[in-house]
Amino acid sequence: MALELCIENIKGIFDGLPDETASQKAELLCQQFASSSDLSDTVVGLNTLYLTSCGALVFVMHAGFAMLCAGAIRSKNTMNILLQTVMDAAVSAIAFYILGYGFAYGIGDNPNGFIGDALFGMARWAPKNQAFTPVAGAGWQNWFFQWAFAATATTIPAGAVAERLNFNAYLIYSFFISAFVYPVVVHWVWSYEGWLGFARNAAYSHLFRSGMIDFAGSGVVHMTGGLAGLAGCIMVGPRMGRFDSNGNPVEMPGHSATLVVLGTVLLWFGWYGFNPGSQLLINTAVSASVVGRAAVTTTLSGASGCLSCLLTAFFRHKAWDLVAGCNGALVGFVTITAGANVVEPWAALLAGLTGGWVFDFVCWLFLKLRIDDPLSAAPMHAFCGAWGVFFVGLLAKRQYVCDAYGRDCQNTYYIPNGLLYGGDGRLLASQVIGIICIFAWVFGLMSILFAALKAVKLLRISAEEEQAGLDVSKHGGSAYNYDHGLGKPEKVQALGL
């Protein structure tokens, strides 16, 4: 009877096939399920498929970053920014394999809360050194998923230093952040040994008996990338002509609004791997509920951020600004990333709305301070990321925290609650400590690196190269072929054009 019921329920997935063929396939599938008493292999397979699929979605965000950055800068530097995005993926993969994953998740002979001590080059790859249990589907696919996040943090600063950074310096920075700076922050917050995170193994030793909640990385990923970009654009200085002799900003619009929109939509698409995928598992009803909630809150925050920045720009310029709307959507996604699993849908709308205000204020402040960030990467990722972390301390819902982290709300010694939900402030204090420590670690180390590169005259290209454009001066050509295949000028003249 159970087999017949299984066949009847599953047969629908083979809709379109002849009824007899569909029944045969459904019967084979049901027999496969019946042959396993605990379905553990199916659970591992399901979670593996989910994690690798979400990791691939996160990696698609690289295409989004490439298009967004290319569209937001001048055409003479397009090839350079595109190559930087490709190099971020390649360099971060090697760096994360050799050192980064070990520093982030390695649990060796001397585990500690500051930095991992195993899994360098994926050596000693054993269950005790994996971030999650084998039944949960962790292992090789976990490295892939976490690398996709590392590559995202690495590529965020590209826009902040666009159009004037030496390519050799970029490669050095890319390796450094993905091999060391970012993985240490990951270990603090996401490793079971990390001193700062809510997931810490040791009972009763969480920071303030709570620990920091940063679900998908408003702090870990976005603050890290944004602060690295902030350090870079301060050290490298503004682009030639960006400010006049009185210090007033001069507009340098990007060359393609089309690419900006394409990049924004690709990033929006990839964020459904970034946030829902951070649940890591989907084999239980509770985890599936968390995944769905994360998708909903991500959507609402992005939409709210889009409208927030669009309306602010309209009141300021009396025009509907396309780029402002695109930036606002991304701001909403960055802001909700820390708490997509633990806030209500209405709170997600509030996160995007207020994130847009934070973004606009910091962009205004940067211009006053003569900080040139062509993509507004630091205001978007560093400051809106910090706001997203802080926001969790205000509006995290206790039941959602229990669901997302597998805690028993009735019997667990302490479950944090957002301050505006009646919490006692422990979670908010943990969030603030996390923001301060990430800022000090990332901005401090990256400032030292960029200062050292500047001291050896490796940081910035020459004025002549900047004037000509990086595509011609560094990459031997242009991203756009303007002669339409007509070749040399004399051939054009011969055609009378």
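Every residue, even glycine, has its Cβ placed from backbone N, Cα and C.
Just so it is clear, the model here is predicted, and its values are computed rather than measured.
As recorded in TrEMBL, the features of this protein are as follows:
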- 52-480: domain 'Ammonium transporter AmtB-like' (DOMAIN)
- 49-73: transmembrane segment (TRANSMEM)
- 85-107: transmembrane segment (TRANSMEM)
- 144-162: transmembrane segment (TRANSMEM)
- 169-190: transmembrane segment (TRANSMEM)
- 215-236: transmembrane segment (TRANSMEM)
- 257-274: transmembrane segment (TRANSMEM)
- 294-315: transmembrane segment (TRANSMEM)
- 322-340: transmembrane segment (TRANSMEM)
- 346-367: transmembrane segment (TRANSMEM)
- 379-396: transmembrane segment (TRANSMEM)
- 428-453: transmembrane segment (TRANSMEM)
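Confidence in the domain 'Ammonium transporter AmtB-like' (52-480), given as mean pLDDT, stands at 92. Of the Cβ pairs linking the transmembrane segment (144-162) with the transmembrane segment (428-453) and spaced 6 or more residues apart, fewer than 3 are under 8 Å, so the two regions do not touch. Counting only same-chain residues 6+ beyond the ends of the transmembrane segment (215-236), those with a CB under 8 A from a CB of the stretch are 149, 152-161, 164-165, 173, 177, 181-182, 185-186, 189-190, 274-275, 277-278, 294, 334-342, 371-373, 377-386, 388-389, 404, 434-435, 438-439, 442-443, 446-447, 449-451, 453-454, 459-460. The transmembrane segment (294-315) is in contact with the transmembrane segment (346-367), judged by 3+ CB-CB distances under 8 Å for residue pairs 6 or more apart in sequence. Here the transmembrane segment (346-367) has long-range neighbours at 249, 296-298, 300-309, 312, 327-328, 331-332, 334-336, 339-340, 373, 376, 378-380, 383-384, 387-388, 391, 395, meaning same-chain residues at least 6 beyond its ends whose C-beta is under 8 angstroms from one of its own. Most Cβ pairs within less than 8 Å of the transmembrane segment (85-107), among stretches 49-73, 169-190, 257-274, belong to 169-190. Packing against the transmembrane segment (322-340) from elsewhere in the chain are residues 68, 72, 213-219, 221-222, 254, 257, 260-261, 263-264, 267-268, 271, 274-276, 278, 293-294, 297-298, 300-310, 312-313, 347-348, 351-352, 354-356, 358-359, 376, 380-381, 384-385, 387-389, 391-392, 395-396: each is 6 or more residues past its ends and has a CB under 8 Å from a CB in it. Residues 166, 169, 172-173, 176-177, 180-181, 184-185, 188-189, 196, 198, 206-208, 210-214, 219-220, 223-224, 227-228, 230-232, 234-236, 386, 389-390, 392-394, 416, 418-419, 459 of the same chain, all 6+ positions outside the transmembrane segment (428-453), place their C-beta atoms under 8 angstroms from a C-beta of that stretch. Among residues of the same chain six or more beyond the transmembrane segment (257-274), those with a C-beta under 8 A of the stretch's C-beta atoms are 53-61, 63-72, 148-149, 152, 216-217, 295, 298, 302, 322-323, 326, 329-330, 333, 337.
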